[in-house]
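Structure, as structure tokens:
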Amino acid sequence: MKLLTAAQTRALDQATTQAQRISSVELMERAATACTNWLLDQLQPAFSTEIHVFCGPGNDGGDGLAVARQLHTAGYAPQVWLLPAEKHSADFLHNQQQLPEAIRCQELSARRLPPLPAGALVLDALFGTGLTRTLEGLPATVVKHLNQSAATVVAVDIPSGLLADAPQPASSAIVRAHHTLSFELPKLAFLLPRNAEFVGEWTVLPIGLDQPFIHNTTVDNYFVDAALLAGRLPQRARFSHKGTFGHALLLAGSYGKLGAAVLAAQACLRGGVGLLTIRTPGVGYTILQTAVPEAMALPDPASDFVTELPELHPYAAVGMGPGLGQEESTAEVLRLLLQQVGSRRALVLDADALNLLGTHRELLQKLPPNTLLTPHPKEFERLVGEPALDDYHRLDQLRAFCREHRCYCVLKGAYTALGTPDGPVYFNSTGNPGMATGGSGDVLTGLLLALRADQRLSPLDAALLGVYAHGRAGDLAAAESGEPGLIAGDLVRFIGPALRELEGDL
Ligand SMILES: NC(=O)C1=CN([C@@H]2O[C@H](COP(=O)(O)OP(=O)(O)OC[C@H]3O[C@@H](n4cnc5c(N)ncnc54)[C@H](OP(=O)(O)O)[C@@H]3O)[C@@H](O)[C@H]2O)[C@H](O)CC1
Ligand SMILES: [K+]
């Protein structure tokens, strides 16, 4: 799915009314119907539920008025609260006129704020994507009132006070919704860590907006769902051979951290690699040959760390990082690797390989094009050399980093963000908090290494598929073990089923 800016969303509304020859009031009615149906699904059949609909002066408020009317028709008794304003949108005024007299409709003031007890339902239709500045005065007081209440708050389109696509002061008054109902597409703001407390659970409600317009709109950000990945992972042809799926080299492990190498190796095999060779310190030889008999082991002459780079000739892809440690001799291996890997061999760098890049910054200039890096936010900060001011600044840093180094960078988080050399950022939709556990990143590295070794996949597709399948494996594992009980080894077991879901033209 594409993530449109607020301005693009407005243009999409217009394109839809033109293409479908409907009025904007009809579109608003559709949007309201989608919200009402969602609410009825949640409510039924608690007709006694106390419902308060808070409406602002624009079309978000117009949506709220239409929902109130529809809920009334469905047998509920919503109360409407209006924010006083000098001007109102035409569609707001239209829906205000349509409001049945039986609905209690009152104007808000600092002294007239309704008590909102636990069990009450609040519909936040104060402001939507037309927000132009931070809320102050009465609107901010109302938001504070909603946030202090014990009621369940459902935001129409976006929590009021939150900008859809731009940073805002940390002190901004923003509704903390339990649920957010977004029309047709999610918004960039939903995917950023800082906004989780405002957006709550979010749901996209399709309202039949113009698909050709969406198709032809160029965006900076995508939300990666199964539909976006359809057809990107071909089924294996009967006559395919190990060469098709590539021979990968994994440099991983150090004394006390061989588990990282084992997990990455197992994930690489489950990811479908043709052949896998692992370079570990001598101490890892027996461990790897026992734990991962499907892989070949190439022990380093040193017992505790990787200190020598093997001959790269046989390999289609090289992965380096899990559990390596940050010895100077290992940094030297990374330096040689960057010199020798060439531009045709795929390269995946993670964990200590990234930390070594952060401490040997001159090596950053040697990254071959299409290198795939998988930092978590702290590793990313070390890579770029300065902390991010906020989530949007971090996204800017990600875009700038990928442009400068012509690389792909997987910034790990709740909605893992894949930065690409040409600018677009792809936010992943799969995964769960159970995956915040040791070894989860090592599994991702192994899986990505396998997909980068696969000769059929572009660097972008390998990265998108790997990140999505990793999260999906986490979701399948959590369904079995629960989130707290999930361990990285479970992810390995579910890589196969996750990839199978993506295979072919699902
Ligand atoms: N996406 C869709 O397909 C549909 C969306 N719909 C809904 O429409 C809103 C967007 O409506 P819009 O009228 O553009 O904007 P808002 O309702 O968010 O608010 C605009 C009014 O609010 C004033 N405003 C803006 N910021 C502030 C502020 N900080 N303090 C006070 N007042 C503010 C603004 O006044 P200005 O002075 O800035 O002009 C406007 O009066 C979208 O979110 C959906 O809910 C449609 O229903 C159709 C389908
Ligand atoms: K809202």
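Placed from the backbone N, Cα and C atoms, the Cβ positions cover glycine too.
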Residue among G385, G439, G441 sharing the AMP site, where TrEMBL lists K412, G413, A414, Y415, T416 as binders: G441
Per TrEMBL, G128, T129, G130, L131, T132, R133, T134, A260, G323, H376, D442 bind (6S)-NADPHX; matching candidate in D157, D396, D422, D461: D157
Position of peak Cβ density within 10 Å, selected from the binding-site residues G128, G130, G413, G441: G128
Annotated binding-site residues D124, G130, A260, A414, filtered by Cβ under 6 Å to ligand 1: G130
Local backbone state of H376 ((6S)-NADPHX binding site), from DSSP in three classes: coil
Whole-number Å value for how far H376 ((6S)-NADPHX binding site) lies from Y415 (AMP binding site) (Cα to Cα): 12
Recorded AMP site residues K412, G413, A414, Y415, T416, G441, farthest C-alpha pair in Å: 14
